[in-house]
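> Handing you a structure now.
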Amino acid sequence: MAACGGAGCGPQCSSSSSAGGQEDALAESMGRLSTASAAAACGKCDGGGAAVAVAGGVGMCAGCFRAHLFGKFKLSVTSNAMVRPTDAVLLAFSGGPASRVALQFIHEMQSKAIQSWEASNSQALPVFSLGVAFVDERSVLSASLPGHEIQAAIEDIRSVVSGLSPGDKRVHIAPLEEVFSSGSDDKAARLKEVVGVISDETGRDDFVRRLRMLSLQKVALENGYTKIMLGTCASGIACHVLSATVKGQGYALPADVQYVDTRWEVPVVLPLHDCLAQELNLLCEIDSLKTQQLLDRPCSGINGLVSSFVSRLREENSSREHTILRTAQKLKPFSFNKFSANGYHDFLPSRLRPKFQNIDANECTFSEILCLICGSPFSESELLNLENTKLKAQKKIDLYTAHCCQSCHFQILPAATDMYGHFFSLLPKFWTEKVDAASASHSSLRDQIADYLLDEDDGN
Amino acid sequence: MDSSATDGARLPPPRAGSRLCVRCGERKAALKRPKTLEQICRECFYIIFEDEIHQTIVQNSLFKAGERVAIGASGGKDSTVLAYVLSELNRQHNYGLDLFLLSVDEGITGYRDDSLETVKRNEIQYGLPLKIVSYKDLYGWTMDDIVKAIGLKNNCTFCGVFRRQALDRGAALLKADKIVTGHNADDIAETVLLNILRGDIARLSRCTFITTGEDGPIPRCKPFKYTYEKEIVMYAYFKKLDYFSTECIYSPNAYRGFAREFIKDLERMRPRAILDIIKSGENFRISTTTRMPEQGTCERCGYISSQKLCKACVLLDGLNRGLPKLGIGSTKAGARADSDGKQRTKRSERNTSSLQGKHGNFDF
């Protein structure tokens, strides 16, 4: 069950507005998009209808705007080989506009695939299957949000999903505390305790996001899913770019802003990578897609500050988020930011296969050391620190600590070093088991050469 | 900057019974250190402040004994403190540097002439020779003239480009081996963010370098790379250093750019965020598929440039031909602006202004 992974933006990132600000932001965004093309005709279908939105500098009617966004979604999926016919896809659903659109679009792709499959004679390839997961975070939410409102939201999600046919789709409600599956003690209490130990507001926020991803991984692994699809959009990614920069994670940042992330046991894909939150909000309005504003918690701390900053930049220049994204995409991605397993691309349409075959040929080994807590690849200085600690570590706690990146060290580990042991003991066991395994491997090597070591006082 | 100075001035006097310095444990704490929030006394602050800069200089091998070093001096707090501290460290640690002050006179009536008076006093106070080069002498235009020609919008672009080149030319004239500037940690963090926001990957890859232009005739160093702006103000305040703190009259709102404001908010929330941004900038790895502009020299004046003509010559050519907006913005954007009409141009200009830092663009 051990899953190493990265701190990508969770579904919550897909909508950066607070519940109260959501409606205002939507009204503003609609107003702004509409104003630019007031009374103008659609630039795409040439006079087919009044323009309601501007995307990519062109005024579009509702139908063309929708097709434009769907086209971006589909292009992301196909050009990055996100979904194969044999895949079982788990969509992370938060109820926000972005994941709602992602659900709608992936459902439409599935529907079309089913129709093609039924119409074809060969029926050689299956159609990918789809499930939906909602992470229930009631146990870490403040009392300001009553449990029964979340329950009502969950029922809404079930009805939305059951209304999408053809193609059966299971709904998985994943309580966050289920990540703490080992042992028989009270999981919710343990979750509360470990989160409570983190004194930095931003650190708590990032830690909960990490748990959310682990929760999705758990659901996926237990139910046979082969991909996890997030509703993270361009706006959320832009916020993450700045947040990671502010936290000193410039080295690791590219890992979280690509379309594909295979650090996880179940790879994570971001099909709405190129769509703006503003566009997705507008589409939900146009198509009357019901969203759950209730579940949108405002980011706090550094993340909240970054969110406000990006909103302000967007108001001033609507393409700023894309510029930030483009900058980040010029940074070097990691080997796990693409699919490279042998034979992975075999099911692709023949016209796409040559592109990926070149990638397969250049396959390189995944050799990054990842942070124990957030899964970020270690920078050179962090690696040096880790190597030094391995040489002289007397306690497991020291190894665990050295396996945390500098950002997590500062904002997630307790300020008092004597609290480290307590903190690590609260974590789900499979987190520290990876370090134990690596440490055991190192000890084993040491044992083999122990007879030849001169310094007899040295010993773990 | 004014608010920073004022904040410094408002520091409460040490109260009877206030806690002791966490460093020496002997004297009363006089301040809370902006970088770490430690409560320390004045003397320990001097030691820490100077020693951190010394460590930065040594660890990055900024200087060699015998080098002639030009200190870019504007009269503002950063360069004034830099001149003072560098002079002190040169004496304490026997760097063996030949230091002098180098100022650029942009020709801004009511602002630069007053700030240069400050530098002239610094020359006497610190015993460092001063050389002033002016836009008028180098380019034939003062900033007053330029603003008359093009108005307030975009004048910072001219000033930033000209000033950078003027500093290099002045240093060459006086046979300097190195130039040091007072860019501080806040400036560099801001530049990292601005380059991300603007999509400027070329600058993003080099804006955290502590030394730039090592391939060129006169390298340029930033000893204050890891020094917080608030600490510079605090140091100047306690040492009673004489500096000029008025903002440039032609860019009164530049100080309140979005990115600067954001960085100040970050610093309040998490002081180390400024160093973290710099660390991120240092750790970014540019994809090798990204094409980086090639360095060459301007065919007219010989200054370093990735184009046939350097930016200063392009701008100067525009001024001299009575077409001052020539060279403002990229060629592609210019062409598009023309075709889209006034609306786009207006929006474009407005967009540019809010992402400028203080004194316009940082040409790191």
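Quick reminder: no glycine exception, Cβ is built from N, Cα and C everywhere.
TrEMBL does not curate its annotations; it predicts them automatically.
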> B:G72, B:A73, B:S74, B:D78, B:G182, B:D187 show up in TrEMBL as binding ATP; which entry in B:V104, B:V133, B:V147 does that record put in the same site?
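Among the candidates, TrEMBL records only B:V104 at this ATP site.
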> In the domain 'Cytoplasmic tRNA 2-thiolation protein 1 C-terminal' (B:296-326), how many residues does DSSP call helix, how many strand, and how many coil?
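Each residue of the domain 'Cytoplasmic tRNA 2-thiolation protein 1 C-terminal' (B:296-326) counted once, the result is 10 helix, 4 strand, 17 coil.
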> What three-state class does DSSP give B:G72 (ATP binding site)?
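Assignment for B:G72 (ATP binding site) reads strand.
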> Need one number for the ATP-binding residues B:G72, B:A73, B:S74, B:D78, B:V104, B:G182, B:D187: the maximum pairwise CA distance in Å, whole number please.
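Across B:G72, B:A73, B:S74, B:D78, B:V104, B:G182, B:D187, the two farthest Cα atoms sit 20 Å apart.
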